[in-house]
């Protein structure tokens, strides 16, 4: 894997030459950015709102496509020649780097949208010359058109590269629909490529970041900050791979497996390399990193500045990586480009040259390769793989599948004939529906039974929201399906009010048991469905109390996951530390976000628009579905009204910081000074931020009472069904 270091110090923002006035963000850099709620809204989609990628994919002749990809592997082009006559190593790196931006903290990044096509990823130093890989693929993409997305093609090509070199992959699933504009993510605080201002204390990597430097996928292959220390590098590897949801065995398998093929490129000084794609000339047509060193390609190529080939058979699956790693002692040296790398001591030249037949080189390794030998935990795993090649092959196949499919969500989203039959725990498995579902009559009766228990609107709504609002549109995890709110760790999360949650779940489980036992046939209701049903009943009751009769729909079909189907550790990153919808902040608040920023961030993960976020906050506040101390701007709590907006926007109220309470404000009567309300930054942002205030004014108007309830129910239902991919 190439990890170029040649553009350090350059600004990662591509600036145009044409003068322009400053943007709003230039004038007010601390302004809350709500535009992320409207990215990839469909207006930029050239395929139109009616295009169904899943249906198009079904028309794909996958065998024919793979045959064409196999042929491409050895169809070397003069403008970008194939190392060793085979593009396999290049395409593995392309697929790896497409998927490798995934981070478990917020589920963002990954291969699911084909973001490698866009800035900044297309111009990251770590992705140098992958523009050539995608350009090599264009004739095939052009041939198969909309039947294969770029997102799927990048991963499939990596699989075919492995298969063409003798490796048996675990499988492939299609279903990654392309997007048409770059995702606006927080990739770090740095303003220069390869900057590393993301650390504090004893090399504590800031959240939610998953790489050690700006523009890298994981780690610096020369070692931390270029220090060639394999043990120190192992610490960086362990941290960054863990943030991609990989354990130690998967980490070793991925590094060794990927480095069984191909080579890195450091034929000359990085100063010979030109601008990245986004900074290139218009005539370069999106190709960057043009090199003036020699021919600039093939034997003269410069990508990472490192010049390493790991295996005696770099176009064939083998165990040479581990054999070489343990067969030699290693001495520090430098590549022709001046980068730190390692050379085997007293070794014969056994590594083939990529372009000169018969020429051999001494085995070489990266600092991060040696980490697999000198870190004591990695070393044990590596020796086991050395002695058991079949275990290594299986571990790499599974880890590669996880790497390339981690952000796709549940298996119901997988498409194609190569989907593995085996269920894997990281897929957050949910049992298939195996019984008749409740009908409208049952739903009405169950709602009545729920309300007859005496559970309050607040308890019903809070529980349903806690269950569903874990959903992340980024990696399609979380949500109400599976009823994992009753399992560890979710049942113990502070934001979920564990004591109240246990009470509500106990009552609902009793209703579920009685209903299922009373059926003469096989009809059942899952607890997952019943939790959502109970929340709907609570919303209906609250709306009726405000004079609006509404029916909150329920589409049954959720099932209950078991503890055995749940990796509790992997759900820890889904725990809310700041949840603006519930006005919740705990002691482990996110240091890189203000509460209002965390609200927008959570809304984006829930795939909500600005108006949807606004109406949900207003409704949840008056229903007391969260922190009851602040933001409940109503004299009739648990009644679904637009009171939150009416009272927030009341010009007779003056807001002042509360004494001794950071982030809390008091709303006082302008004339008397009497305290009326207390609110948080999240509450007040809807009166302070000009765009959010515009949304709030719509819902605070005298004629908005019915619209508010209608829009709240629609947004509520969207969140309740966010993970129902079976309905799409």
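Counting begins at 1 with the first residue displayed.
Placement of Cβ uses the backbone N, Cα and C atoms for every residue, glycine included.
For 97, the entry in Swiss-Prot reads active site, proton acceptor, with the evidence type sequence analysis.
The heme b binding site annotation in Swiss-Prot covers 259.
Positions annotated as region 'Disordered' by Swiss-Prot: 1-26.
The site 'Transition state stabilizer' annotation in Swiss-Prot covers 93. Cβ-based neighbour count (10 Å, all protein chains) for residue 93 (site 'Transition state stabilizer') stands at 27.
A 10 Å cutoff on Cβ-Cβ distances gives residue 97 (active site, proton acceptor) a total of 24 other Cβ atoms nearby, all chains included. A separation of roughly 14 Å, to the nearest angstrom, links the Cα atoms of residue 259 (heme b binding site) and residue 97 (active site, proton acceptor).
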